[in-house]
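The feature GTP binding site is assigned by TrEMBL to G26, A27, G28, C29, N30, G113, T114, G115, E144, R147, N190. Taken from TrEMBL, the feature domain 'Tubulin/FtsZ GTPase' applies to 18-208.
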Amino acid sequence: MSDSNFLHRLDGGTGNVRIAVVGCGGAGCNAIGSLGINAGGVARTIAVNTDAAHLLTVQAGKKLLIGRNITAGRGAGGNAETGRSAAEEARKTVREELSGTDMVFVIAGMGGGTGSGASSVIASAAREAGAMPISIVTMPFSFERGRRERAKDYLRELVHVSESTVILENQKIIELYPEQNVYSAFGLMNTLISDLVLNLSSTLVKPSLINVSYGDFRSVMRTGKTSTLIFNENSDIDVLVRGAVTKPFFQNTIKAAKGALIHVSGGSAMTLGRMHRIIAEAQEALGGCSNVILGARDDGRKNDILSLTAVVTGLEQAIS
Ligand SMILES: Nc1nc2c(ncn2[C@@H]2O[C@H](COP(=O)(O)OP(=O)(O)OP(=O)(O)O)[C@@H](O)[C@H]2O)c(=O)[nH]1
Ligand SMILES: [Mg+2]
């Protein structure tokens with residue numbers, strides 16, 4: 001593997017990328033909750049819901065109660081068409097809110113009313129505003145039977161309008177951490193999503209150990225319409241990479257991957273040599289796919305644990 005496979009840059013400058021994160025419906029708003037009003041200065045946060053009471057519980061730079069005339073602020077009651085109509089009513093407001101933004105992360109839990117129905121309208125309004133919509137969604141647990149079929153239908157629509165959609169199965173959290181109860185599983189998934197958004201945005205906006213340019217980021221995201229996440233933490237690089245690549249958050253294998261956006265964080269243990277080993281091993285595990293970019297941040301950790309997160313693109317067959 002040659003160095004030309006690493007599109008990383010070590011020059012410090014990343015340009016001025018303007019990023020917004022829109023949480024859609026209950027799960028979406030919960031997932032962005034820990035980002036606060038501006039995600040530490042790297043992205044604007046916007047909470048969108050039909051449920052006024054839930055909006056009061058979340059922290060965001062902007063809160064939009066949608067579909068007042070349709071749901072009277074009481075939520076979409078699991079009806080995705082209601083969620084869609086509510087968002088259509090607010091399409092112009094959303095478009096104006098997002099104008100001047102380069103990239104919009106649209107976050108939702110599929111399976112309910114608002115997130116399922118409104119997310120594709122938000123993604124399409126983002127496009128109309130000239131921004132690139134990247135959606136990140138969770139799919140219902142297998143015990144939420146009735147919700148899974150609906151989730152799949154609306155997911156297809158969201159994938160269609162988004163530049164790329166990162167799909168995460170809530171169920172995978174239970175498989176990875178069987179001792180967790182449902183509520184802490186939600187919490188873990190929410191943290192995974194908010195960390196992903198924060199890490200990607202920080203890598204694009206702030207100078208970091210290894211910068212990813214917006215152009216590099218776009219080119220990898222465009223290698224597939226659907227993607228998922230892999231994650232692991234360890235001090236041993238073999239264990240770190242193996243653990244992550246064998247347990248994707250959607251589907252059971254990522255062998256068909258077309259591209260990957262790898263993010264490593266750690267403290268003093270994060271040497272350039274270790275970075276190169278991680279990317280080489282991950283690339284091998286991904287079936288040799290060469291469209292891989294690496295971002296890294298020093299998280300100030302004092303121990304030797306490294307944390308590996310990657311968006312792995314090109315899983316289209318899985319949802320067709
Ligand atoms: N990861 C995660 N998933 C959640 C959370 N809350 C709900 N979910 C999942 O997301 C799906 C949709 O739930 P909600 O987001 O509450 O529904 P909604 O979009 O607000 O829809 P309505 O309440 O019907 O308007 C559920 O079926 C769960 O699978 C959460 O906090 N985190
Ligand atoms: Mg709700």
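Glycine is no exception: its Cβ is also placed from the backbone N, Cα and C atoms.
Those TrEMBL annotations? Automatic predictions, nothing curated.
Because the structure is a prediction, the values reported are computed rather than measured.
Structural mapping of features recorded in TrEMBL.
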| residue | record | Cβ within 10 Å |
| --- | --- | --- |
| G26 | GTP binding site | 23 |
| G28 | GTP binding site | 34 |
| N30 | GTP binding site | 22 |
| T114 | GTP binding site | 34 |
| E144 | GTP binding site | 15 |
| N190 | GTP binding site | 22 |
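Checked against ligand 2, the binding-site residues G26, G28, E144 give G26 in sequence order as having a Cβ less than 6 Å away from one of its atoms. Here GTP is bound by G26, A27, G28, C29, N30, G113, T114, G115, E144, R147, N190 per the record. The longest Cα to Cα distance in that group is 20 Å. The average pLDDT the prediction assigns to the domain 'Tubulin/FtsZ GTPase' (18-208) is 95.
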